[in-house]
Amino acid sequence: MSDKQTPENAVDYKATLNLPGTEFAMKANLAVREVKWLEEWYADNIYQKIRASRIGKKKYVLHDGPPYANGQIHLGHAVNKVLKDIIVKSRVMDGFDAPYVPGWDCHGLPIELKVEEKVGKVGVKVDASTFRKACREYALSQVDLQRKDFIRMGVFGDWQDPYLTMNFKQEADIVRSLGEIQKAGHIEPGLKPVNWCIDCGSALAEAEVEYEDKKSDAIDVGFGVVDLNDLSARLNVEVQDPTDIVIWTTTPWTLPANQAVALHAEIDYQLVQVQSDRGTQNFILAKDLVESAIARYKLENPVVLADFKGAVLELLQLQHPLLADRQVPVILGEHVIATSGTGAVHTAPGHGTDDYKVGLIYNLKVDNPVGGNGVYLPTAPIFSGEHIYKANPQIIEALGATGRLWAHQPIVHSYPHCWRHKTPIIFRATPQWFISMDAKGLRECALNAIENDISFVPDWGKNRIESMIEGRPDWCISRQRTWGVPIPFFVHKDTNELHPRTPELIEEVAQLIEHEGIDAWFNREAKDFIGADAEHYNAVRDTLDVWFDSGTTHYAVLRQREELTDPADLYLEGSDQHRGWFQSSLLTSIAINERAPYKGLLTHGFVVDEKGRKMSKSLGNIITPQDIIKDMGADGLRFWIASSDYRYEMTAGKEIFSRASDGYRRIRNTLRFLLANLNGFTPSTDALPVDQLIALDQYILQRAAEVQKTVQQAYEDMNFHIVCSALTNFCINDLGGFYLDIIKDRQYTTKADSAARHSAQTALYHLVQAFVRWMSPILSFTAQEAWPLIPEQTEQYVFTTEWYDIPVASTANLISEADWQTLISVKSAVNKQIEAARNAKLVGSNLSAKVEIWAKDELQSVLNQLGDELRFVLITSQVNVYPYAEQGESTEMDGLRVQISAAEGEKCVRCWHVLPDVNTHADHPGLCGRCIINVTGSGEVRKYA
């Protein structure tokens, strides 16, 4: 009878086990530790070291769209910068030299408003030069503020030498780019209607306009036909009663500027007669709108006197409803529709783009009776000195008094607002400078580039920017502001022509700006540049639209910095930039270079809360990136961003962040297991050739190679949520749920220097080398934390390496991948049966179970390949496989039945397997025969698992 192990004769076998050990902490504590790592990295010039590692390699340039240098960064900024950083780091891992030069947009109204709060308005409390100096200082302070936050997120770049649109050199190059566009014939002056913010006192770019609901006065106004005989002749019907062509408008204040009424040549119209309290009245309305219009006028029973096309009435004279001395013509326009209103459009070329365009055809006067402050000018025919919004009710009252108001009702409709002030804008014609979309074929060239030269992620970005380019008006590039790059033109006082030396003068001004900044222009007079010609020329004192500043960075940054290329490989911004930076960059580059400034455009969605609402102070739902970093660290923030599908709106909130944290922990714990089990492993002496590895280890490396293909392709396609899914799924399914669980026994219980253990460690070594690289573009801090803990690491930073070459067995694997997939399915089915037996109190842990399997022929042969090692795969103490019979319990697998019972024998104190031979060896009480061989003998031999 063998001696049983008792407390008195117990031997401590712990020292004979190969226990894991690593400095890689279980608890990340990222919020604290990341700060320390950043200090070390930047003290070591990490960005420069990454660049140095790629000298001579093919370039990949992601050009940074400059955020505005004003205020703390928000979550949208974080999404944008982290996505860019992931792309740059993954391209470096691909072997590219991928420089990243961050930039800031530094001119413009928001900065002016902030500075006005401190020093007052220009010309009131401060002169323009002092004001510009204060603007420059403020912008620089905001750059410093935002730069710290971007660095804190682990975004690598040339933070010490970013581009700023207010740098003297860049201001000069912005002026030079203007000169190039002027030289190419795309710039022209004009009195044209532009988006105008009364509060800003300036024109607005298309990208500075937002649409919000607004309550307006909708009115139907009659323009009386002056010559009824002319009308009768045109319609071939006798017309004797008063006849109005009725327009419908929501901007009564624009009626003093009316110059015409537009119909559509091909729309069907009707002359209808009704009886009103004013007597017999005729209306001319679109046929499809007669019923709704007459009902709106609270009239009944219209009698149709004539049907005709709009073209019949071209140039018919109408009486202006407010101005007795003004008659206006009927004109024809393609913009007129018959789906709402009356089918007739009030036309004021000074107050609308369509009106302006059709006015050019008919040579209509571009009348603008409204000043930049929203007050009617002294030259206005009526309501001079009155604010337009205060004049609205007066205009409506006057129309009623003259009998020209047929309907008046308030409506709520979508209306353009200033993005800064959130107030309604107006359209007003002012003398401005424009980049013409069609004079030199700019629109056509831009559309051709979109169609043929640019790739889009996601695909719908193409249609979006295409439709915007197709429909956009000429680009008004001039602004009446103080803090901006000048338009250094000299305009002849009589002819309005530019000075004949304009190209040379622009270069002269640019050279001065390069040394003195924009004050070089504003602080000099015309005679300083053109001498005696100053008597005949005015110097333009307008500034450039800030979208021109950022839109010409392909010229002022990409072309000027030797580490960058023009065109760039990629521009990446939020979806609002199809009408902003993407468009301004495309148009200026086409104008200068006749090609796009980018090969690809990537668009990301906006951040919303868990209810799908945009974040705003009023809703109290703002989450800042700083708050997330305090809680989850920058890697937590980065993982949330990467795991979201940025093509759509990105949801932020506690539940979403909790899921991201869970995913991060899964990856971190897996990484810790890999590192811990490399304890004592020296790759140069202990690693085995892949063809000599145990079958299971060969399989996991083959799976890792497949995952790496998915990861690399996902990075290349910029599908980072697929990368995150691939990482977490590999951790959960392939490693945590299968491989790592199985190898624990081999890792801990076999001889330390055995081939069985070294086989597993060789696989783990290759896995961790690949795994850390996979995660490094996204989980940069955690990847670099783990990197130096990999045995015999030679590179200082993971960021200077390339994708790992995972070795895959060249000979036919001992067990095919298909058979391993079958074994995984069997393992899952067996585990469910063990769980059921555990719930029935038949067994405790898996190792206390005996598994009996009845399998059909093909399945049986797969299982029998492993022989006795099948128990290691199933993580049970005993397994028997029999030909298929109706015994045991059926499972989810066809042809597989399983019976679970308590394993026979006793529990080994070292490996915890329950085996009959435990305590049968007097010299080794408590041990199984396998452990005795591993402790005192040559060690067990494994072939499969």
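Glycine is treated like the rest: Cβ placed from N, Cα and C.
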Annotated range (Swiss-Prot: motif ''HIGH' region') out of 67-77, 342-352, 463-473, 793-803: 67-77
Given ranges 249-253, 384-388, 614-618, the stretch to which Swiss-Prot attaches the annotation motif ''KMSKS' region': 614-618
Averaged pLDDT score, the motif ''KMSKS' region' (614-618): 84
Sparsest-packed of the listed binding-site residues (C911, C928, C931) - C-beta count within 10 angstroms: C911
Cα-Cα distance linking C931 (Zn(2+) binding site) and K617 (ATP binding site), given in Å to the nearest integer: 66
Using Cα positions only, nearest of the binding-site residues to E573 (L-isoleucyl-5'-AMP binding site) (C908, C911, C928, C931): C911
Residue among the binding-site residues E573, C908 whose Cβ has the most other Cβ atoms within 10 Å: C908
